[in-house]
Amino acid sequence: MADSTEEAFYGIYLLFLTSLYGLATLAGFLVQSFIVAVNVIDWLKQKSIGAVDKMITFLGISRIFFHTAVLLYSISKLYNIRIPEIVITLNQFIMNISNLASIWLASLLSIFFYVKISTFHNAFFLHVKAIILKRVTYLIIGSVLLSLGYTFIYFMALPDNSFWNGTQDDISYNREKKILMYGNILCNSFPVLLFLIASLLQVILLVFHMRRMNNGGKVTSSTDTYHRIMKFTVLSFMVCAFYTLVNLFQMLIKLINLNWFLFTLSIFQALHSVLLIYVTMKLRNQFFRVVHCRTDRLFNRKALGPHPIQRVEMTP
């Protein structure tokens, strides 16, 4: 009797977790797919794609890969599905690449936002600004390749991998794992540090601009834009900071279960993408257009009501 009750509770627990992961993954997929689809459609229509659009598109693609890998991992662990070792390793490899690429691309986007709105006239700064604005594609590719290279080295250097021959003692084994852990922490923390610096400079610059406009009595539509960018900068930094803290705590002390850890990362990525839709005019307009079309269709169907069934008489 007790065993059947435990099995029933375990079944409910599995159903709850599966529903939770499913909803989180679906929400992430919808948000990321919307961002990617809007920019890809513009590209297919041969419209000009800006630097911000390119970064947001690649950011959305990396997060789609992450959501997919997390969903496959969670389902296999929850239901004890036997998967070949090569598939598990490949899935973990994709998960790590997409996670690290997401962090680097988000930091790169923050730096780009700051450089774009800055008004400094220093010769060195203008030179750096021109390089960043003209080499956005190379910076994106470099971020992805950096994530790919580091993840490859990390996986190959793991003591649990094929390079671990079982002859080393425990001290050597633990030393190698600590070196890899600290390297992983550094690689995850450095882009967030750049994100922090760019965000602080961006907030200071926006506050300076808004004060100057208020003192001059020039309250224009740009003020609302500055307020929106400032909200995005502060909120996105908070999301990315919590994201990194959860990531670091998980590496250091295994704070929570791995499934809940991946679920938390998925939620943070989805929230940051929602903020990107909020701050980007093209994405925001497209989102409201989609919502408006859906609501119009829904209200039109309700107004028309059910169609009456017409009787057709057959004449001989």
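In case you wondered, yes, glycine gets a Cβ from its N, Cα and C as well.
Database features, via TrEMBL:
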{"type": "TRANSMEM", "residues": "12-44", "note": "transmembrane segment"}
{"type": "TRANSMEM", "residues": "56-73", "note": "transmembrane segment"}
{"type": "TRANSMEM", "residues": "93-115", "note": "transmembrane segment"}
{"type": "TRANSMEM", "residues": "136-159", "note": "transmembrane segment"}
{"type": "TRANSMEM", "residues": "179-208", "note": "transmembrane segment"}
{"type": "TRANSMEM", "residues": "229-253", "note": "transmembrane segment"}
{"type": "TRANSMEM", "residues": "259-279", "note": "transmembrane segment"}
Considering the transmembrane segment (229-253), which listed stretch of 56-73, 93-115, 179-208, 259-279 counts the most C-beta pairs under 8 Å:
179-208
Distal contacts, the transmembrane segment (93-115) - CB-CB under 8 A, six or more residues away:
51-52, 55-56, 58-59, 62-63, 65-66, 68-70, 73, 128-129, 132-133, 136, 139-140, 143-144, 146-148, 150-152, 154-155, 187-188, 191-192, 194-195, 198-199, 201-202, 205, 229, 233, 236-237, 240, 243-244, 247, 262, 265, 269, 272
Given a Cβ distance threshold of under 8 angstroms, which distant residues of the chain, six or more beyond its ends, lie next to the transmembrane segment (259-279)?
17, 20-21, 24-25, 27-28, 31-32, 34-35, 56, 59-60, 63, 66-67, 70, 73-74, 77-78, 95, 99, 102, 106, 228-229, 232, 235-236, 239-240, 242-243, 246-247, 250, 287
Counting only residues 6 or more past its boundaries, what in the same chain has a CB within less than 8 Å of a CB in the transmembrane segment (56-73)?
21-22, 25, 28-29, 32-33, 35-36, 39-40, 49, 91-92, 94-95, 97-99, 101-102, 105-106, 109, 140, 144, 262-263, 265-266, 269, 273, 276, 280, 283
